[in-house]
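Participant: The structure's right below; bear with me while I get my questions together.
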Amino acid sequence: MAVSLWQQCIARLQDELSAQQFSMWIRPLQAEMEGDTLVIYAPNRFVLDWVRDKYLNIINQFFTEQMGADAPKLRFDIGSRPSAKPVVQATAAIRPKPAASKAVEKPTFNAPQAEPAITANHRSNINPTYQFDNFVEGKSNQLGKAAALQVSENPGGAYNPLFLYGGTGLGKTHLLHAVGNGIIKNKPDAKVVYMHSERFVQDMVKALQNNAIEEFKRYYRSVDALFIDDIQFFANKDRSQEEFFHTFNALLEGNHQIILTSDKYPKEIDGVEDRLKSRFGWGLTVAIEPPELETRVAILMRKAQESGINLPDEVAFFIAKRLRSNVRELEGALNRVIANANFTGRPITIDFVREALRDLLALQEKLVTIDNIQKTVAEYYKIKMADMLSKRRSRSVARPRQMAMALSKELTNQSLPEIGDAFGGRDHTTVLHACRKIAQLREESHDIKEDYANLIRTLSS
């Protein structure tokens, strides 16, 4: 009784949560009755703690409504349901079964097949330097790292495919390699293939030229895990999309892991067939956002430590407050500072950094101003620039204004009173409220989260 109600509870959670929240936290759960206790199994401690903190009250309330005093006790545990019976898992009716165009062998993850010679060097494409241990985690990438870690521990499981999207230089490629390293560590003979999407296209073209398309198909459909970076470069390449469509179906039928990255949300990728974009969303889709200030500082401190440099805290904060677009830009700036310090023998101070990064800092300050933010946000939401400064409080105007205030705090060095002055002489408390409101909405609303990320990318590019 309780186990069947658990499936109904899952259905309610699916209705109440966003697709990403459901896929991330609820779908991996399994449940089994032990006496008068319903044991809910989570794949790892991170998922367990999150579900218990965020969703325990909803689960308890559901069982109390359905069973009253007979509601079972709940217990959380890490692992898989031990029973040999079919698992009661939150995966039903989530993903359609792919229809393969023809019969395809379905090797299990534990039994990789012999590797054709077509691309035998792909195994070396997993970079051993990219690990989870040296990936700096923050709010901007926390979900992405958690999902990637889960995939590395349980490839071909609940998060398949895993789709990571976000701007350039935010750590998507790092996570792909970290997953590959995790899989190979747990199973050294696993066939894990990482590549840029253009390499897939090149391999297919070469196979066509050499009359080796069947070997190409056999290779890609036999791998244990396929990671493709920048899938948006498949745009308008019809033959490549056709071949990848069938490869995708074959791998998913065999429970082999697929991870894809892009600079855009799947449905926003132009030039890619709808049937592919639909499949990209079958598993879990996670945004990797530009790092917030604390994460940027942590990245700089980690990079300096790896380089054997003692970076003063105030210098790290100075750089992090001024360079905000992506991790690659941060690391490049720090490398320049370190190189200048080594060449000149001078200590790394704020004044030294101002001098070493003079052109970069000047360009950044020129590009991102409150006026530029206001114009960009007004254009994005299709409102008049005058509305940004007006007293109008309708949501269609107030929300973009709050967004612009939050972005001004994030992307400029202006104080709250200075930002308020730029928005029609508003008080600094109004700006603070706007920043907190947008931060809250980014947690609750997928649309607001997307808008914020899109605007950050536009303003930082």
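Even glycines carry a Cβ here, placed using N, Cα and C.
It should be emphasised that the depicted structure is a prediction, and the values quoted were computed from it without experimental measurement.
Positions annotated as region 'Domain I, interacts with DnaA modulators' by Swiss-Prot: 1-87. Marked as region 'Domain II' by Swiss-Prot: 87-124. Residues or ranges marked as region 'Domain III, AAA+ region' in Swiss-Prot (evidence: sequence analysis): 125-341. What Swiss-Prot records for G169, G171, K172, T173 is ATP binding site. Annotation comment: Swiss-Prot describes 342-461 as region 'Domain IV, binds dsDNA', evidence class sequence analysis.
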Participant: Among G169, G171, the binding-site residues in question, whose Cβ has the most other Cβ atoms within 10 Å in this structure?
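Facilitator: The residue with the most neighbouring Cβ atoms within 10 Å is G171.
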Participant: Sort out for me which one of K172, T173 has the most neighbouring CB atoms within 10 A, since those are the binding-site residues we care about.
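Facilitator: Ranked by Cβ atoms within 10 Å, first place goes to K172.
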Participant: Other residues near the ATP site, CB within 8 A of the CB centroid of G169, G171, K172, T173?
Facilitator: G166, T168, L170, H174, L175, T261, I288, N326, V327, R328
Participant: Any idea what DSSP makes of T173 (ATP binding site), helix, strand or coil?
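Facilitator: T173 (ATP binding site) sits in a helix per DSSP.
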Participant: So what's the average pLDDT for the region 'Domain IV, binds dsDNA' (342-461)?
Facilitator: 88
